[in-house]
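Just below is one structure, and these are the notes that go with it.
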């Protein structure tokens, strides 16, 4: 049987995801078989599990931290917002149905049974299960329907840790208020407090530690210092609020990313950030970079409509005339074609709309969702290399262009043997693919960046370090947590 540990928070973005990742890596480093778990997550950022099911990217990342094969049991319920208070409900990796909030809440017992199935599976197959809560664990207007926080600790028998972000201010009030608002049976599950993102001399907190322990009879088990050198994947699009420029700020190569209104899988661009200056563009911004990325989105037709309304479509054509390089990923790839056909309005209120017309391609929506871990080979010019990625798309595309990838596994454009499209227009290179994670393949990433390096007479890059950077930072996080927290009474 597994030992269950749960991390809950006083608010959203308090540090739950990072703390779970660090504990998973710490336990894995000690030789234990570890699984992350989040009963219910709401996110447009998802990846594909070992079973070809869809799970939140946070639980996928935590699985990598735990050195575990990502499973649908790590995130049995995934809610993907579609707008108008409706979400696509993913159960054990498979699309279940679309529900509005009231429908979903009234059927929470059905979802709870699915969650219990996963808890039983993890209990049988792992030494430790590290659970992440959602948002604040004491939203008193939601407690009776909350199936993502301390009800899960109660079901699994987990010891719970409450984490709060001191960087926001009011940390002791947040901790005390959270404890007081919890029902007594859930309050008893809390075994310790963690204060996250502290800067400065910890001695200034000691009086606060003593007082909060006196008031709650729960100990502060540690303070995690703020470490701006840690490079960790973001969980969802909230992290993009106010984010404009990031990456290698000294790089002579600039990558622009169109900030779609319903952007999904935005971490696809992260592998470029060590070598390039990265800049998000709003629809009315000018394209200033060498490379333009049209990323994934929940609603391709909506984004295409917005690009037209704000003149981004014309700016993309001017970028092509200047010899720009374009990469469209999933929904962004679909906008590169001639037509996006959505007769049943499955993508939103726009319906059928013409695309950018850079590819001789039509995409039809309303199909069964393709959810695949995919592999194949890119053979363009003198390049010939293997690639891997994952697919999450309901649009099927028929393209008359040169395929970008010959598939050995996957669905690709429309269930044939090919994925993506590739085209050269003058000095411009246009790439499109359904492969999320395409830039994690160092040969393709380097090829893309080196087109610009050649034009600017810069040295070629030969980096293959994305996985290495991830693991280095996870080990650093693990060490930071082990040195900062006293988990001896929780991890037995």
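Positions of Cβ are set from backbone N, Cα and C atoms, glycine also.
Copied over from Swiss-Prot:
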DOMAIN    252-444  domain 'GATase cobBQ-type'
ACT_SITE  330  active site, nucleophile
ACT_SITE  436  active site
Where residue 330 (active site, nucleophile) and residue 436 (active site) are concerned, what is their Cα separation in Å, rounded?
7
Quick one: average pLDDT across the domain 'GATase cobBQ-type' (252-444), no decimals.
95
Using DSSP and three states only, what is residue 436 (active site)?
strand
